[in-house]
Structures are given as structure tokens and as C-alpha cells.
Amino acid sequence: MRMRHKPWADDFLAENADIAISNPADYKGKWNTVFGNDNPIHIEVGTGKGQFISGMAKQNPDINYIGIELFKSVIVTAVQKVKDSEAQNVKLLNIDADTLTDVFEPGEVKRVYLNFSDPWPKKRHEKRRLTYSHFLKKYEEVMGKGGSIHFKTDNRGLFEYSLKSFSEYGLLLTYVSLDLHNSNLEGNIMTEYEEKFSALGQPIYRAEVEWRT
């Protein structure tokens, strides 16, 4: 998907540096000083326009949230959404998921959310999928044993691939749903994509996995 260039994005992010952290590697091992507390940190990789993470932050004020988004033209919308929500427990980073270990110390993160990630359906693009083993290793390095991944998608192929990837990596499957919106799971915060696909009658798939302690 081609992202529309927004020439004002840099200035906007600089004006909202309290939300969009411009030098995240400087806070590696010190994110508690950014939030001013020692609450657990949950990250969303591919935070998109920010509806999910801003909603989670409002719903769970005792958890600190950090959204990771590669595209500057998208993260500006997320920054505005967080700003409008007035949630104080969420920050956003305009970085690549490959750099997670440059930004977080081992064990500094407790949970990773992956919501409607690009499925990269072609076999030659497998290594780009956020549930590929390379990325699972990144998540493990910043979470350590006991960390967990919560994963949602509308793409059945990506879901099946991810379950296999989780299993081969040795992760413990603790929850799975092939139709999330008709399940008994409470407190689900929908993303923008999720609302769109659900309105079309598309089932939403969800899995939760954790590292064995």
C-alpha cells in the first residue's frame, strides 16, 4: 500500500515530542523514567492510526503502552488520536520493528500486540511477516521468559502460518478464536481495520501465546 507523503509530519511530531519520542534508544532500560512509574510496558508493533493503543491506554491506566509504527505518514494520525484521548500512559515510536532490541532492555517489555499485520502472502516475502521466527526472537529478547504475544488478523492464511510459527518456536498457545466477535472474550478494543472487516462480516482471528518459564 502506497503511503501519501505528508510534508508537515516532521514538524508535527516535533511539536508533540511528549507523545512521539524522537530518540527512543536513549531510554533503553529507562522507560520507567519516561512514564514516571514502574508499571508494566506493553508494546504494539504496527500501531497504525492509533485507535487500538489509545483505547487500551484509557481502559488500562495501570499499564504503560508504546506503539511502534514505521510509516511517518501514518503515525501522525496516531499521535493526534493519543493527544485527543488525553491518555498519559502511551508513547509512540516511529521506528522499524527490527530495532526493538536497540530500544528496550531484556525483560523491559511484558507483552507484544500484533494487530492486522501485513500478511505478505508471497512465499518470497515470508521473512517480512511479523510472526516470522526472526521477529519472534526480537520479541523474546525484549520480553524474556513469561512474556506474551496477543495477535489479531482477518487473514486466515496469515493466522494459520502464525500458529505454526509460534508452535515451531516453542511458544505455548493459551487462547485461540476463529471468530473473535462471536466469542466470550471481554474488553476487546477494535482497530480501524477490525471495524471495517467486521462490518463486512469477515471473521476476526485471535491467538495468545507466551514463552514458557
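The backbone N, Cα and C atoms fix where each Cβ goes, glycine too.
Quantities reported herein were computed from a predicted structural model and do not represent experimental measurements.
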If Swiss-Prot says K122, T191, E192, Y193, E194 bind substrate, which of D84, D96, D98, D154 does it name for the same site?
D154
S-adenosyl-L-methionine binding, same site as E69, D96, D118 - Swiss-Prot member from E44, E141, E160, E168:
E44
When you get a sec, could you say which of 58-63, 124-129 is annotated region 'Interaction with RNA' by Swiss-Prot?
124-129
Using Cβ-Cβ distances, find the residues under 8 Å from D154 (substrate binding site) that belong to the same chain and are at least 6 apart in sequence, listing them in sequence order.
F116, Y193, E194, F197, Q202, P203, I204, Y205
According to DSSP, D96 (S-adenosyl-L-methionine binding site) sits in coil
One should report the C-alpha separation between D118 (S-adenosyl-L-methionine binding site) and T191 (substrate binding site), rounded to whole angstrom, as 14
List the Cα distance (Å, whole number) between E192 (substrate binding site) and D96 (S-adenosyl-L-methionine binding site).
21
